[in-house]
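First up is the structure itself, then whatever we jot down about it.
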Amino acid sequence: MSATPALTAPRRRGNTGIALSRRAGMVFVLPALILFAVFIAYPLFTALSYSFFGWTGILRGDFVGIENYVTLFTKLPYSEDIPNAFVHNILLFFGAMVFQNTVGLGLASLLHRLSRFKRFFQTMYTLPYLVSPLVIGYLWSLMLSPLFGPVNAVLRGIGLGELAQPWLGNPQTAIWVVVLVTAWQWIGFPVLLYGAALGGIPEEIDEAASLDGASAWQRFRSITLPMLVPAIGTVSVLTFIGAMEAFPIPYALGGSQGNPAGATDVLSLLFYRTAFESGSSNAIGTSSAIATLLFIFIFGISMLITMLLRRAERKLF
Amino acid sequence: MMRRRILTAAALLTGSALLLSACAPSASSGDEQASGDAVTLKVWSWRTEDVEAYNKIFDVFEEEHPNITVEFEAFQNTEYNQILTTGLAGSDGPDVPMVRAYGQLQPNIEAGQLEPIDGKVEGLDGIAPSVIAGAKGKADGKTYAVPLATQTLQMFYNKQIFEDQGLEVPTTWDEFIDVQEKLLAAGITPMALGAKDDWILPIFADIVGSARYGGSEFEEQVLSGETDFNDPDYVASLGIITEMEKYLTSDVVGVSYTDSQIQFSSGQAAQFPGGSFEIATFRNQAPDLEFGSYQVPVPDDAVLDAPVSPAYADGNFAINSKSTHQDEAVELLNWLATPEFGQLVADELNQFSAIPGVEYEDAAMQEAWSNYEDGQAPYLLLVDFRYGEPLGTAVLGQQVQKMFLGETDAAGAAAALQTGISQWFVPGE
């Protein structure tokens, strides 16, 4: 039998034109894989495994199954704190969404038409985003102080004294302060992202539509908006993750207990309290259960939003 | 972009898990170095601001104990618990660590990281029971550490304002109310309080209410299960808070603790209900401020007939059970329990020593300390009710905020406190 050259040639040949054996390929992937395993996969699975055990201080006790998870939903303070904090996380998400997709998008389209000072304003709007959120939260708490804060002083100075109030001391206003400060800090992000997306829309389409007699609103509604859907999707998912993980701003404005009276409590604060300020010797078990639930929720919903948006995009184009 | 962001999210979330995994128990490695004559003891602390003072203090010890060298190392307060947990689990931890008190000490004891010192260290008998309780194991009742400092809770007052308004330190409840009314009439905020920070509120509750509910008498009864926080006397003590509301900083729940400190130290409020740890802050913020302190007088129908200063232990020194220099560590702890060290704590650290028989140079400190010696009480929720989740202090702090916001009353707050601590507290144990 004569060997055919085709059979002796390497079987795996990608369209890159480079032939690599599986083993050599693995060697190249290995560094990244090790980093991923050590810094992401390992802690992730440790937290998961920790949440199934009882703990005495730092000594691992018996396997307790889902008991730590049951505790979260049946025992005080968790059974009250979790729904309370969760609602605030959701408020943060919707508040930020509304703010970014109205004010953020509006600013981005205004800036898009601007020929001069565009960069300047973009930078201005992005500045708060570059400052640590802990610092932002602290500055706002100073500004809103009923004793020494300038906000109430200005309100009184311009004759709006009735509006002056303890912004962070009233549960009805405190959570909205957190929502608005978060949205305020983040505003530069949608401005940048939407700005880039707007720049990517070919002007010819817009021109053709206006030649056909479409009004400005019609052009925005039928051309700009649909073409922005991918950007809106990205902003939504990132906002969702940001809102669910919110920690520094609520912490700076309301402390680890979500003051006043739990009005600014969020899930990460609950995790922080349980893990680092708890009097319970099973702190590791309970806090690991919170961390695991939070991760599953963020991961699941983010995947869902992405899937839905992909489907919507496919319909559009 | 998005996927990477999700990974970042995973990394962030699990970063906290990584912290936890750093606490994973590790096998002990006995690095036995037969101790000759010269021994170095590693002492760890979270008091980064006191490093110089501690070096001076341990110089005194080294002079008296030439065979021992003390190596003092301080870590960031907020990170100390994690650092210590890792240090005690490993082999190169401290010989003598500064440890937390009461509930926060229990994880280290339960993990068997600290050596009991009963019968090894002398001079602990004179320490107030509520203070030495901060160094004991809840489960076994053994003593694991020497208390370092005591914090007392009382009412500070601005001497200048009192003089200007012709006011005297009140000794009866009526005089106390009279002082507040006169200040209010003069347009001065009687008391500065920052109720936006919940942790100050149980402190405030005990300053005005401890004598009303019965201080350590009530402590005994509630621990044995004879009564609970729904007790009419405890409810009445919380009722005093509502009675005080009109004398506090306006918009009190919106005001932060630091703002209230400035309000007092800048002379915008006449009094400040707070802990002895405030003295150093006030001295820093306003070196010229003349202030003193008093115990809030006993209200009518109070269980106790004399006023008290609630107090608690703040910090302990313990022995790492893995230390290879046990004898020298015991020697050091014995010295830490002497009045000589107590006096150094007073002079160098400006703290109240847990050891009796110490004199304080600072007039405000001496005054607060004499008051405390005349009438002692435990800062109940910190001393006895921080051994489980939820912490008693955290529950009451939030409830008092709700009282100020009109969402609950004294009876409701007391009931919520009882429900909260019942999650883990079993009377009589």
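Glycine is no exception: its Cβ is also placed from the backbone N, Cα and C atoms.
Taken from TrEMBL, the feature transmembrane segment applies to A:20-45 (among others).
According to TrEMBL, the feature transmembrane segment maps to A:86-111 (among others). Within the same chain, residues 118, 121-122, 125, 175-176, 178-180, 182-183, 186-187, 189-195, 198, 220, 224, 228, 232, 235-236, 239-240, 242-244, 246, 250, 258, 264-267 sit at least 6 positions outside the transmembrane segment (A:86-111) and bring their C-beta atoms closer than 8 Å to a C-beta of that stretch.
Among the features that TrEMBL reports, domain 'ABC transmembrane type-1' is placed at A:86-305.
Positions annotated as transmembrane segment by TrEMBL: A:123-143 (among others). Within the chain carrying the transmembrane segment (A:123-143), a Cβ under 8 angstroms from the stretch's Cβ atoms is held by residues 107, 149-151, 168, 177, 181-182, 184-189, 191-192, 248-253, all 6 or more beyond its ends.
Residues or ranges marked as transmembrane segment by TrEMBL: A:174-201 (among others). Sequence-distant contacts of the transmembrane segment (A:174-201) (same chain, six or more residues past either end, CB-CB distance under 8 Å): 88, 91-92, 95-96, 99-101, 103-105, 107-109, 111-112, 122, 125-131, 133, 136-137, 140, 144, 167-168, 223-224, 227-228, 230-231, 234-235, 238-239, 242-243, 246, 249-250, 253-254, 259-260, 263-264.
Annotation comment: TrEMBL describes A:222-244 (among others) as transmembrane segment.
The annotation transmembrane segment is assigned in TrEMBL to A:289-309 (among others).
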